[in-house]
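Presented below is the structure to which this report refers.
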C-alpha cells in the first residue's frame with residue numbers, strides 16, 4: 001500500500017518495526033541479558049512446578065488451587081510472550097519485529113494480562129465464599145462454576161485485547177518505525193501514530209481504570225467481610241491459617257494492580273517511556289517470578305505437597 005499525506009506528516013505503512021529496547025553498550029546489554037534470562041528461567045521453573053504440584057497432588061484439588069494453577073499458567077504464558085523475543089534482541093543488530101509479529105505480541109500480551117487481573121478478582125471472591133459462607137461453598141464454587149468463572153476472565157481479556165489491538169493498529173503510523181520499548185505495547189505504539197490518538201488514550205485509560213477499580217473493589221469488599229469473620233474466630237490456629245492464605249493473595253493483587261496502574265492508568269503514563277520500561281520489567285518478569293514464591297512460601301499445603309512429591313521421587 002503506498003504512503004499518503006496527512007497534512008505535513010508522511011504516513012507510511014510499515015512491514016516491520018524496530019524494538020529499540022534499552023540504551024547502552026555491549027556490557028550493559030550483556031548485563032541486562034543475564035538479568036532477563038535469570039528472571040525468565042526462575043519464572044518458568046516456579047510456575048511449571050506450581051502447575052505440576054497442584055495437578056499431581058490430590059490434596060490440592062480444590063477451587064482455590066484450581067484458580068492458583070490458572071494464575072501460574074497465565075504468568076508462564078504472558079512472560080513467554082515477551083521474554084524470548086527480548087532476549088534475542090539484546091545481541092541482535094537489527095532488533096526487527098514484523099508487523100504481524102507486533103500485532104500478535106500485543107494481542108496475546110493484552111489478553112493474558114487482562115485475564116490475570118480479572119482472575120485475581122475471582123480468587124478474592126473464592127476466598128470470601130470459602131471463609132464467610134463455608135456451608136454454601138461446595139455448591140457455589142463447584143467445579144463447573146469454577147470453569148465458568150475462569151472462562152469468563154478469558155472472555156473479558158479477549159474483549160479488551162481485541163479492542164486495544166484493533167484500535168492501535170487502525171492508526172496511521174508516521175515515518176519512524178522505531179518502537180521505544182523492548183516489546184510491542186500500546187503506549188510506545190501510540191507515540192509513532194500521526195493520527196489523533198485521543199480515543200486510543202481514552203480507551204486505554206478507561207478500560208484499564210475500570211479493570212483496576214473493579215478488581216480492587218471486589219478485593220476490598222471480599223477481604224472486608226473476611227476480616228470481620230476472622231476476628232470472630234475463637235481458634236488462633238484457624239486465624240493464622242486464614243491470614244497466611246489471604247495474605248499471599250493480597251500481596252499478589254497489590255503488586256499486580258500497583259504496577260498496572262503506574263503503567264497504564266495514570267495521566268502522563270504514555271509520555272514516560274523510560275519509566276515505563278522499568279515498570280514493564282517488573283510486571284512482565286518480576287511478578288510472574290514472585291507469584292509462585294509468594295504462594296508456596298506462605299502456604300503450608302503447597303509446602304506439604306512439594307514434600308510429598310519429593311518423597312515419592314526419592315523412593316522410586
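Yeah, the Cβs are placed from backbone N, Cα and C, and that goes for glycine too.
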Which listed span TrEMBL calls transmembrane segment, if the choices are 3-23, 66-86: 66-86
Per TrEMBL, the range holding transmembrane segment, considering 126-144, 145-163: 145-163
Annotated stretch (transmembrane segment, per TrEMBL) among the listed ranges 178-197, 278-297: 278-297
Interface present between the transmembrane segment (145-163) and the transmembrane segment (278-297) (three or more C-beta pairs under 8 A): no
Close approaches to the transmembrane segment (246-266) from elsewhere in its chain (Cβ under 8 angstroms; 6 or more beyond its ends): 71, 113, 116-117, 120, 123-124, 127, 131, 186-187, 204-205, 208-209, 211-212, 215-216, 219, 223, 226, 275-276, 279-280, 282-283, 287, 290-291, 294-295, 298-299
Intrachain neighbours beyond the transmembrane segment (145-163), with Cβ under 8 angstroms and 6 or more residues off its ends: 63, 66-67, 70, 107-108, 110-116, 118-119, 122, 203, 207, 211
Remote residues contacting the transmembrane segment (106-125) - C-beta distance under 8 A, at least 6 residues beyond either end: 64, 67-68, 70-71, 74-75, 77-78, 81-82, 149-150, 152-154, 156-158, 160-162, 164-165, 168-169, 183-186, 189, 211-212, 214-215, 218-219, 222-223, 249, 252-253, 256-257, 260, 283
